[in-house]
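Over in TrEMBL, the protein carries these features:
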BINDING   His215, His251, His284, His320  heme b binding site
DOMAIN    47-164  domain 'DOMON'
DOMAIN    175-375  domain 'Cytochrome b561'
SIGNAL    1-24  signal peptide
TRANSMEM  216-234  transmembrane segment
TRANSMEM  246-267  transmembrane segment
TRANSMEM  287-304  transmembrane segment
TRANSMEM  316-336  transmembrane segment
TRANSMEM  351-374  transmembrane segment
Amino acid sequence: MPSSSVGISLSFLFWALLISPSVSQTCKSQTFSGDKSYPHCLDLPQLKAFLHYSYDPANTTLAVVFSAPPSKPGGWIAWAINPKSTGMVGAQTLVAYKDPDNGVAVVKTLNISSYSSLTPSKLAFDVWDMKAEEASRSLRIFARIKVPADLAANGKVNQVWQVGPELGPGGMIGKHDFDPPNLDSKGPLDITGDNSGGVISDGEGDSKVKKRNIHGILNAVSWGILFPIGAIIARYMRIFESADPAWFYLHVSCQFAAYVIGVAGWATGLKLGSESDGIRYASHGNIGIALFSLATIQMFAMLLRPKKDHKYRFYWNIYHHGVGYSILILGIINVFKGLSILKPQDTYKTAYITVIACLGGIALLLEAVTWVIVLKRKSNNPMKPLRT
């Protein structure tokens, strides 16, 4: 069937997403005003952010340029070194935003001692030559930092970066999103410049990203592609007498494969949920549970399928079709919910929309063909009931 090749093509696109969870490789093409040079640059793996820097070991001075687009116009960006941990609490932070009074980009410092303390404050180490500038839709932070002796001796620091949508009252920065890219925007920085070819990686963060992508791939292919294809096979192939019973075995094989893959994706989602304390996507998870439950009932119902001439076959068909179409609709809805959570490149969402549109177009065409065949048979045998 033509739609099968479309589905296979999309699955390759999703595998590309798994293999390359972040696609940002433009730091080396960026240029800055002034005569300072930054020999090291990183394509940070989250939030479309970049870091350029240089380090002078003689006086343990780190010069940085951090660039990122705020999550919304009028929002803020932040880059920090956390000398004691890997997260937000304890981070010595530089924040840039456009002053709402005059529209000029400014830099402030935040010593984040707790989640409730987000007002400008002095850092635990010296920082100077701070400035901010706007570049296209992004903001940039320039600064020179005196790296503490213990961190300088180690040669590595824990960096954290973030973007937010707005400024809060009293000079406080507004709350940022808690999507996976925001929660994974942290990692080690080798200040000597040895950062694996310009892309940093946090082992735990990369592992979670891959698990999320595996979860997305499995569920998109199963609930979002294979189940619709199986429904199309059952709905339209059986109208051709020469396709009986081949259509039935194709339908069962397709739906069983979709069920197995979907259960694997569902189990991966449960595992992710157990490893992500405080992160919940209620509607996405609830739909996933409903899909698993309905599909499991549907699989076991095949064991109770009455013969064609049985008096209960009519009622079984009503149940089977009702549950099947429910799975079809909920599966597609949940794929889009998953895409909105993962937030991959627009290419992947566009590819899935294209696949669903192709399947929908094929279904409409076959629906018309089916009715033509049924009505023609009806005209040849008026006593035979309509069956589509």
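For all residues, glycine too, the Cβ spot is worked out from N, Cα and C.
Shown are the binding-site residues His215, His251, His284, His320; the one with the most C-beta atoms within 10 angstroms of its own C-beta is His215. Sorting each residue of the domain 'DOMON' (47-164) by its DSSP state yields 6 helix, 63 strand, 49 coil.
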